[in-house]
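Reading through the structure tokens given below for one structure.
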Amino acid sequence: MDSETIQLEGTLKGFDMAGESIIPSGDKWELIPTTTIREVVDEVQASNVDFGVVPFENSTHGTVSFTLDCLADRASTYPNITICGEAYLDVHHFLLGRRKSSLLPHVDQNAKGTPLTSLSHVKRVYSHPQAFGQTAKFFATYLKGVETIEVSSTSKAAELAAADATGSSAAIAGEVAGEMAGLDVLARCIEDREDNTTRFFVLRRRPCSSRSDDGVEQEVQLPEGLPWTTDRVESLLESPTSRSPRSLSPRPSSSVSGSSGGRNDDTDKIDAYKGLYKSMVSFTVPHHTPGALADVLGCFKRRGLNLTSINSLPSLIAPFQYLFFIEFEGNRWDDPEGRVSGLVGDVEWVEGVAERWRWLGSWLNQRRR
């Protein structure tokens, strides 16, 4: 049986057992680590791998700019990239290096957020920019004046610290990366917040054949058994009388009456869809038109689409003009009320409000409440 390939930013030792929510188990999957986010996206676009996994945002330090830059695709390098899934990973950072003195006797060696040994010998620390941002309080307290050196991944940081024969280099990385590099734990769980979490996007190449004869984009079918795809939607919506999600009737009229207060089976099913999916689009607006961005947001409001995040980057069309990214609840291809398809087909949205808009994908919400 042929295996399917998944490209990862970082190295395999940078992912611990918590990464099971991202990486499928079994012999069917070949995992290919790489050093940068852009390399992952390059490989997906070139069809050299089936999927790519990249960090998109952190609950403490915000959006990962490298990933957002690739999704912006301002040089038209990635025309076929689409988001097909998401996964969340609790992130705990360790300060790793070489001990120059014994462990501090008055400190519990399982203590979090405090040095386990003297750090006076540490002259430089390697890590990814996101990791530095997520551990700012620890640095301000215990590593004032120490040089910080940004590298492509936390796993790479551990390798560089291990290669320093003087022992004066340290790294911020995961515990597994430290074990693989043969480094000592100088401090554990040094992230600013205990609930530090990173959301990853799963990317796939949209095939050229994903448009129908009339030019309408079609859904990209994914293999079954992936933890971040929609093959478990039926179980989420299961009820004794449920039909397939795609056979729901149009949105029920508010005029329906009865002892149930106007509710019927389709109403219950539609309620079950709330928050089930997310989608993302990017667009520019005419910057000299007052209220242009508000007009775009109004399109979402009128169709009852709940926004979950807004980001922006310079558009590179002109200085200080911006490309916006809107993430919202809903699915372009599993849309029983027609809200998302109505947004996509809205003349006001396509021609009158948003400029240079692009559909970036729909996927299953892994944090649905």
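Even glycines carry a Cβ here, placed using N, Cα and C.
Automatic prediction, not curation, is the source of TrEMBL annotations.
Features reported for this protein in TrEMBL:
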- 1-205: domain 'Prephenate dehydratase' (DOMAIN)
- 234-267: region 'Disordered' (REGION)
- 236-258: compositional bias 'Low complexity' (COMPBIAS)
- 281-355: domain 'ACT' (DOMAIN)
| said: Looking only at the domain 'Prephenate dehydratase' (1-205), what is the model's average confidence as pLDDT? | reply: 87
| Residues in the domain 'ACT' (281-355) grouped by DSSP into helix, strand and remaining coil | 25 helix, 21 strand, 29 coil
